[in-house]
2 protein chains.
Amino acid sequence: MQLTLHSPLDMHLHLRDGQMLQTVAPLSAKSFAGALVMPNLVPPVTTKEMVQSYKERIKEAMGDEVFEPYMTLFFRPEYDYAFLADIKDSILAIKLYPAGITTNSEDGVDNFSVEALAPTLEAMSELGIPLCVHGETNGFVMDREAEFIPIYERIAKRFPDLKIIMEHITTKDAVDALMKYENLYATITLHHLYITLDDVAGGLLQPHLFCKPIAKRPEDRMALRKVALMAHEKVMFGSDSAPHPRDKKEAPGCAAGVFTAPIALPALAQLFEAAGVLENLQKFVSDNAQNIYGITPPKKEVKLVKEPFEVPSSYNNVVPMFAGESLAWRIAGGI
Amino acid sequence: MQLTLHSPLDMHLHLRDGQMLQTVAPLSAKSFAGALVMPNLVPPVTTKEMVQSYKERIKEAMGDEVFEPYMTLFFRPEYDYAFLADIKDSILAIKLYPAGITTNSEDGVDNFSVEALAPTLEAMSELGIPLCVHGETNGFVMDREAEFIPIYERIAKRFPDLKIIMEHITTKDAVDALMKYENLYATITLHHLYITLDDVAGGLLQPHLFCKPIAKRPEDRMALRKVALMAHEKVMFGSDSAPHPRDKKEAPGCAAGVFTAPIALPALAQLFEAAGVLENLQKFVSDNAQNIYGITPPKKEVKLVKEPFEVPSSYNNVVPMFAGESLAWRIAGGI
């Protein structure tokens, strides 16, 4: 059995920088025609020059592969209309992090009153720049996403023309909220479609599955699967693939993040096929994102074949999800 | 400020065997006059000979310290009256593990119908042998204890003369159930009084705080603190101190268990003092257990002084809770 995906997109990707960028960029390029690249470098990507030079470094790391890095800017409440109008053509979206909520987010937002955010959000709305949000409070780890929903709702109501992407949603509550406002959209990761907290901490502790937002309850995963597998037009694939060196993951104080870029399409094909909806995968991994963001990615066919794929134990020093296990699909030509 | 505890007891302790026993036994002996020793060795402790020889090895490892190891037997549904009558004087209780639910519990019970358990439980009830239970199902990790409560209730109702100890309770649901049946009692650990899931997986992942049952929600910790700090007569201290070598804790597939034996009394004193109920600590760490089990431990005074205690980064190759941190109390004479 074969499956050809047309210009698959990963709408939430961490490529890092330096040596790590060299390791992971080619792996995304083998699977995807493009990706929305997160700006949480150290320091975060906050200027046009930083966006442009980061994009250049990404393109270099991609080599000859057809791959469009869609760039994001790290949200700051002081961005004004003139700044945003100038940078608009260099980015696809702006990513908002609550301060300290995940890897390299220390410079994020700590005041979520609409007044504090309004000038920037108004300008974004007028200029048509989508807002991507890591929607978690600093509350109890299982409640953080649900507690953030009123903030999504306030922003969605106040700025009805602003496209808001609820990034890497993990709960039934988030799925429900998503459906209530026309201008809310969401990315869903591979790992949140596969795992619950049981897989992280229900047996032995599994640091390579530790991520933020943390994987939730079985009924949450069910809600995510439901909208992903039907390729609901409001959701799109965003891997949140987040590489950390093995020694940072396999030690106390393990960093949050699951590395899925090289195995995402085979694992998605396996999941969609098992649910009998393989035909929906094209929408989930590309068409929906094209519609939501109004983009036309470079033409690229990625062929999957239903043959066992023995997932490597690591890619350089980065351990992927399903390391050492076998997936039912592989990318033709290998990865 | 000083505090003298009279014959403090740890009513749920893992001492392991071999080299690990040599490492950890003297640390418990410096803090406690006795402990209820768990039987989940490999193979589990299931005969009188195993109980007696394990007790000998423990006493040897304790050296000259005054310390009574109260022994337990690993529950098996095939134990009959004659077997139990013969072993009664060698043990204080029998510990029931659901199969596969925690470290070295593979040989545990997999059929919780009252019929399957009745012959053994009837004999225990007649002979006055208490039943200690690791009360978790194999359901979703945050629900396992709550899901087990109907089993506690069935056994408590069917065997009203059997003393049942709900081991290491972690939830408000368990506290509520405990209060409903006269023959239910509970141990509470140090770590479940201190931490929630946030401390394990809310920031960076902390394997040394990973345990079973997993730490739960803030409102659960609150319910545990309430009954522990008032030294409710149905609850007693059981550390569930569970040593693993550092390399087993600091690697993927980290084993469950928090090592608290050497720091338990200082950390408890700190918690009880902060709540203004230091006078209740004696009941929580000794008197309640004496009443529940009907035991008179060896006389032993353990003096705590309110002076900073810099917790070692490890005891041999075992990392304690609060490693490298400072506690407000220390055991006079040091540990």
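Note that Cβ sites are derived from N, Cα and C of the backbone, with glycine treated the same way.
Residues B:HIS134, B:HIS168 are recorded by TrEMBL as Zn(2+) 2 binders, and the candidate that the same record lists for that site, out of B:LYS95, B:LYS157, B:LYS180, is B:LYS95.
Between the candidates B:ASN40, B:ASN111, B:ASN280, TrEMBL assigns the substrate site shared with B:HIS14, B:LEU15, B:ARG16, B:HIS134, B:HIS244, B:ALA256 to B:ASN40. Record check, TrEMBL: Zn(2+) 1 site residues include B:HIS12, B:HIS14, B:LYS95, and the candidate from B:ASP220, B:ASP240, B:ASP247 also listed there is B:ASP240. Using B:LYS95 (Zn(2+) 1 binding site) as the reference Cα, a 10 A cut-off selects B:ASN40, B:HIS134 from the binding-site residues B:LEU15, B:ARG16, B:ASN40, B:HIS134, B:ALA256. Taken residue by residue with DSSP, B:HIS12 (Zn(2+) 1 binding site) is part of a strand.
B:HIS14 (Zn(2+) 1 binding site) sits 13 Å from B:HIS134 (substrate binding site), counting Cα to Cα.
B:ARG16 (substrate binding site) sits 12 Å from B:ASP240 (active site), taking the C-alpha atoms as the reference points. Taking 8 Å as the upper bound (exclusive) on CB-CB distance to chain A, the recorded positions B:HIS12, B:LYS95, B:ASP240 give none.
Sequence-distant contacts of B:ASN40 (substrate binding site), defined by Cβ-Cβ distance under 8 angstroms and a gap of at least six in the same chain, are B:HIS14, B:PHE74, B:LYS95, B:TYR97, B:THR102, B:THR103, B:ASN104, B:SER105.
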